[in-house]
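S.K.: Here it is, the structure, as structure tokens.
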Amino acid sequence: MAKNVVVVGSQWGDEGKGKVVDLLTEHTGAVVRFQGGHNAGHTLVIDGEQTILHLIPSGVLREGVQCLIGNGVVLAPDALLEEVQELEGKGVPARERLRISPACPLILPCHVALDKAREAARGQARIGTTGRGIGPAYEDKVSRRGIRVADLFHRERLAAKLGELLDYHNFVLQHYFHEQPIDFQDVLERCLTYADELRPMVADIGQLLQEHMDAGRDLLFEGAQGTLLDIDHGTYPFVTSSNTVAGAAATGTGIGPRDLHYVLGITKAYTTRVGSGPFPTELEDEIGDLLGERGREFGATTGRKRRCGWFDAVALRRAAQINSLSGLCITKLDVLDELETLRICIGYQCGDQLWESLPPGAELLADCEPQYIDLPGWQSSTLGVQQWDDLPENARAYLRKLEELIGVPVAIVSTGPDRKETIVLQNPFESA
């Protein structure tokens, strides 16, 4: 019987999902992206060679693994084809391994222009988007005026839908934001070029997943961003435009929820956030700087510096609840190696009230003071450790405390960026 695992970020994204997905795809017939777009940045390091992926699933470097992009993903054709060409330049047959849902909404130049214009207009109140058109593309999907991959292969239908779409968005660009309009003919010609390139890679993703399961092959569902950026459950409005939680693996691919057997939450040993929004455990001192330097906390997609802070067990408990987490993968443990004392947030003091669960709304969270417990650090190297018993005693105690506070077992520990720098305590595919 096929066993299917969902991998999600359990914080504000950037938890190290790409490495873990690459590691686990050794056991799978296919890996599938189910939400987000090329605002994701998944970094893989294999035998010292780094590969950064934005749209293509992180299993693409594994021979014999099919990589699927589900209907929940918003697709920027230019970004996808650029990524394909980069992989082919490294000898990876990306076109052979990749299949794309015809129902994927397209990100077009008008979406990028709108995204950037809106963010600029917000000034100091900006959300911190990547400016890649993700939000406007999802808006068009929900409003039922979006253009999908399937539309590329019907010129007259494409031209009619594109004309209507640009009439709408150009009005806003010109008369509200005072920006230049997007040229219809230029976008149409680009889309027709994309059609020729994409056609061989388009397939019914739900049917492919069913065929893999019927053949007894395991599946891996790769989430992007993180739980606390979910459009419904995150720190709204400082969130992304898609559902980033495990439930989206079903709606974003066409698989039934009963076929999702194990949910692995990827979790840094500390906390980071990029862009705007509340961050109770943020450290704006030398420890925060140390975490950023040792963790190389710069976005793989935007290059922006990430904000760093202590581990937040309150937020993680909510992520565990929303996702029904089966296990945790703790990443970047080695970043904490030099610290004498480690702090874990176990509650928020908001005025006279102590919250031990995540308060509703970003506004309330911004006014909370974190309540901590302190644990001794280990001040010795964990970099590259591959066996649990080889970790320092205090490192093991720290991980066990996280298990206790969150109520979810630690299944995997990452001790470095390379695929092999990993401790596997519980293989999700053997536990599913």
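FYI, residue positions are counted from 1 along the chain as it appears here.
Just so you know, glycine gets a Cβ as well, placed from its N, Cα and C.
I grabbed these lines from Swiss-Prot:
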type: BINDING; residues: 13-19, 41-43, Arg306, 332-334, 414-416; note: GTP binding site
type: BINDING; residues: Asp14, Glu15, Gly16, Lys17, Asn39, Ala40, Gly41, His42, Thr130, Arg144, Gln225, Thr240, Arg304; note: IMP binding site
type: BINDING; residues: Asp14, Gly41; note: Mg(2+) binding site
type: ACT_SITE; residues: Asp14; note: active site, proton acceptor
type: ACT_SITE; residues: His42; note: active site, proton donor
type: BINDING; residues: Ala300, Thr301, Thr302, Gly303, Arg304, Lys305, Arg306; note: substrate binding site
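I'd like to know what surrounds each of these features in this structure.
M.R.: Taken residue by residue with DSSP, Thr415 (GTP binding site) is part of neither helix nor strand, so it is coil.
Here the Cβ of Gly41 (IMP binding site) has 22 other Cβ atoms within 10 Å, regardless of which shown protein chain they belong to.
In the three-state DSSP scheme, Asp14 (IMP binding site) is classed as coil. Counting every protein chain shown, the number of other Cβ atoms lying within 10 Å of the Cβ of Asp14 (IMP binding site) is 27.
DSSP assigns His42 (active site, proton donor) to a strand segment in the three-state reduction. When other Cβ atoms within 10 Å of the Cβ of His42 (active site, proton donor) are tallied across all protein chains shown, the result is 25.
In this view, Arg306 (substrate binding site) is surrounded by 20 other Cβ atoms within 10 Å of its Cβ, with every protein chain counted.
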S.K.: Given the recorded positions Gly41, His42, Gln225, Arg304, Lys305, state which is nearest to Gly16 (GTP binding site) when distance is taken between Cα atoms.
M.R.: His42
S.K.: Within 10 Å of each Cβ, count the other Cβ atoms and name the one among the binding-site residues Gly13, Gly16 with the highest count.
M.R.: Gly13
S.K.: Compute the C-alpha separation of Arg306 (substrate binding site) from Gly13 (GTP binding site), stating it in Å without decimals.
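M.R.: Answer for this pair: 10 Å between alpha carbons.
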S.K.: Could you check the binding-site residues Asn39, Thr415 and say which one's CB has the most other CB atoms within 10 Å?
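M.R.: Max Cβ neighbours within 10 Å, all protein chains included: Asn39.
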